[in-house]
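Notes follow once the structure below has been shown.
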Amino acid sequence: MARLAAFDMDGTLLMPDHHLGEKTLSTLARLRERDITLTFATGRHALEMQHILGAISLDAYLITGNGTRVHSLEGELLHRDDLPADVAELVLYQQWDTRASMHIFNDDGWFTGKEIPALLQAFVYSGFRYQIIDVKKMPLGSVTKICFCGDHDDLTRLQIQLHEALGERAHLCFSATDCLEVLPVGCNKGAALTVLTQHLGLSLRDCMAFGDAMNDREMLGSVGSGFIMGNAMPQLRAELPHLPVIGHCRNQAVSHYLTHWLDYPHLPYSPE
């Protein structure tokens with residue numbers, strides 16, 4: 001029996017309308033009743049996730065910013081990882097050949113250089129939103145991550161540019177087909193989950209995890225039981241071909257699987 005369950009949010013727990021379904025909320029509550037530790041492991045900001053936890057009245061650990069922050073049930077900061085100031089400066093000030101918009105994150109929030117209302121659709125559940133700033137005046141000492149949002153082919157070309165400029169000084173990953181992230185070296189959900197399990201006196205073998213994108217790769221590959229969403233990025237399936245694939249987030253597939261796991265643990269599972 002797993003002792004900790006870790007969940008990605010977008011494309012995993014959240015439905016395509018960016019809400020948590022009632023079946024999902026009910027199943028999460030059942031896990032807590034079984035004394036299974038809940039952990040939300042997401043690229044979203046800690047401020048937003050703390051608001052969501054309050055709204056759904058669930059106790060859960062938080063891995064946010066794709067592993068840049070880990071918080072306890074009480075909101076205590078257990079782990080932090082920031083981009084080196086020189087890396088943040090290079091990414092912010094360089095003229096990249098891209099049409100993608102740039103977004104900067106630190107403990108105070110989400111910052112960008114211009115209004116992009118379409119991006120706020122993903123945050124209707126929480127009301128979290130960006131702050132408009134002059135990117136060139138952004139303090140460099142506390143940047144957790146930098147994201148680029150745009151067309152996937154354009155971002156793929158940008159990834160090559162970033163890698164050539166940064167080398168091994170940053171970790172690049174796609175958190176969605178339309179979002180490329182620049183993270184501290186060694187920073188990912190799997191590394192953050194390792195920190196958390198050590199804090200809790202657990203091993204990664206005691207954990208199950210669910211995800212759909214390349215920012216979930218290390219987490220899914222390191223736990224005792226990793227599950228890939230039916231709507232996952234093809235690259236993730238290719239990287240972890242041995243992991244089982246469950247259903248689509250629109251059908252609350254995590255809830256569907258966990259209900260079977262709780263009620264019929266000895267019977268084979270079918271996502272249909």
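Cβ atoms are placed via backbone N, Cα and C, with glycine included.
In Swiss-Prot this protein carries:
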{"type": "ACT_SITE", "residues": "D8", "note": "active site, nucleophile"}
{"type": "BINDING", "residues": "D8, D10, D212", "note": "Mg(2+) binding site"}
If you draw a 10 Å sphere on the Cβ of D212 (Mg(2+) binding site), how many other Cβ atoms land inside?
27
Output, ordered by sequence, the same-chain residues six or more apart from D10 (Mg(2+) binding site) with a CB under 8 Å from its CB, or 'none'.
H18, T42, G43, R44, A122, S175, A176, D212, A213
Around the Mg(2+) site (D8, D10, D212), what further same-chain residues have their C-beta within 8 angstroms of the site's C-beta centre?
M9, G11, T12, L13, L14, T42, A176, G211, A213, D216, M229, C249
Please state whether DSSP places D212 (Mg(2+) binding site) in a helix, a strand or coil.
coil
Going along the chain, which residues six or more apart from D8 (active site, nucleophile) have their CB under 8 A from its CB?
A41, T42, K189, A209, F210, G211, D212, A213, N215, D216, M219
